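Database features, via Swiss-Prot:
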- Ile171, Gly172, Lys173, Gly174, Ser175, Tyr176, Gly177, Val178, Val179, Lys194: ATP binding site (BINDING)
- 1-14: compositional bias 'Polar residues' (COMPBIAS)
- 521-536: compositional bias 'Basic and acidic residues' (COMPBIAS)
- 579-588: compositional bias 'Basic and acidic residues' (COMPBIAS)
- 165-446: domain 'Protein kinase' (DOMAIN)
- Ser2: N-acetylserine (MOD_RES)
- Ser100: phosphoserine (MOD_RES)
- Ser114: phosphoserine (MOD_RES)
- Ser129: phosphoserine (MOD_RES)
- Ser133: phosphoserine (MOD_RES)
- Ser137: phosphoserine (MOD_RES)
- Ser495: phosphoserine (MOD_RES)
- Ser511: phosphoserine (MOD_RES)
- Ser572: phosphoserine (MOD_RES)
- 204-226: region 'RP domain' (REGION)
Amino acid sequence: MSSCVSSQPSSNRAAPQDELGGRGSSSSESQKPCEALRGLSSLSIHLGMESFIVVTECEPGCAVDLGLARDRPLEADGQEVPLDTSGSQARPHLSGRKLSLQERSQGGLAAGGSLDMNGRCICPSLPYSPVSSPQSSPRLPRRPTVESHHVSITGMQDCVQLNQYTLKDEIGKGSYGVVKLAYNENDNTYYAMKVLSKKKLIRQAGFPRRPPPRGTRPAPGGCIQPRGPIEQVYQEIAILKKLDHPNVVKLVEVLDDPNEDHLYMVFELVNQGPVMEVPTLKPLSEDQARFYFQDLIKGIEYLHYQKIIHRDIKPSNLLVGEDGHIKIADFGVSNEFKGSDALLSNTVGTPAFMAPESLSETRKIFSGKALDVWAMGVTLYCFVFGQCPFMDERIMCLHSKIKSQALEFPDQPDIAEDLKDLITRMLDKNPESRIVVPEIKLHPWVTRHGAEPLPSEDENCTLVEVTEEEVENSVKHIPSLATVILVKTMIRKRSFGNPFEGSRREERSLSAPGNLLTKKPTRECESLSELKEARQRRQPPGHRPAPRGGGGSALVRGSPCVESCWAPAPGSPARMHPLRPEEAMEPE
């Protein structure tokens, strides 16, 4: 479920905001149908929904372009999830111009940031500063993920309105859905909304499958494997809701209709897109590669500390934010594990970034952390050379080169020997001798021989555990229309029985309300009962009480307490003496 989400600043930043913000009169008129879709009307539209939505924060006028087909996962089919855009005509065109790295860095500094001694951008307006910044402060706790219970979709002239989100152009495409640029009218912020098709998830995953052979045991190491593609999405959502790190993309909101096909996930928009395209004739300099690779190390260390294996690290999944730092995205094939490492047995991810042990025909189980380290090595190679170390158009030949071909470095550009040593140790074909993340953090090239030390694990990581209950409750489902109608009818009839079964409930006698048979009698009721008992003792033995309603004082006749004490129960013989208070307390 890999999706490459990237964006470039638009040449006209004000236009999309006016189009999406709904400032004009025509826009306000088009929003009136959304106000009318409250209550049952809005629920009736749920039956037409066929998606999950994921949204990511983005800046006004941003677009996202796709990575190359070779960078996409093996399962990608390139098909778009169908989305109702009836009545849509011309869609607003977002600029396709990309900024160079020099323009990006200059634009970041012009926005009010400054550089520290290590060349990192310090942005005081952000909720947190870069970890290595001298002005760094503890990060604020992340905003909790919103779980929407109601969804309404309205088609407009050039876009689709989904709750408070206005969906615009497609900015990315993955194996199981598309990513849309979304504008939130409540907070005036752009997001990236991921629309997933449940049917496509199940179909491309090959479900239903045959059960495993008898006697098959799960792989040791405590690796949690989802039972199916839908459960895998829910696990991804539960993981993303807990992650809070400057170098990991954040999940904002999730919407789900259990009776329809689509799931909607909303992510923060990382506006500058992927760190680079592969292949490219303009690779990064060593200083730029070191800057981004330090962020990648901190993000991977945080994920491994949270017991998560990403399994799809590549440049197209490393998105550059406003502050110039990268964020790791796309957890569609990630694995959660227990213990010290994940022992995996399946092969997922992008072919050019797969480790040789995952392609071996003899090795059945392999380390999850070592897979991420190999992918980090291929990514660093791409940073400085603009291409993958092992390439072939035929997938089987590519697998053969990854497993057996020796690592070679091009003559140009000329890189430092320390960098060659680091890449060689990360691309060691033997996972047992391959370098690990704690050793990478201390490598001379990464730290510039001690001049730029990375933060310790305690400073960079805080453990967050995801329970099975949180995975089950990762998405709040929207109730179906029939259920809502049934509940509202039961509330209106004040009955817990099914109002559509045709049987009528027996009418209750007005002479003995249930609350008067169970609640404690008041002082007025007790005094009136004592008065009646005294009057009965003074009357002759053969005297009968006067018929109900046929005389007596107005106070006694109008008192509901006396009415309940004197009234006979339905279907029972009339009593010849009044009820005592303790008798009135006992329900029949």
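Any Cβ shown, glycine's included, is placed from N, Cα and C.
A simple way to gauge crowding: the CB of Val179 (ATP binding site) has 27 other CB atoms within 10 angstroms, across all the protein chains here.
Cβ neighbour count for Gly177 (ATP binding site) (all protein chains, 10 Å cutoff from its Cβ): 30.
Mean pLDDT for the domain 'Protein kinase' (165-446) in this predicted model: 89.
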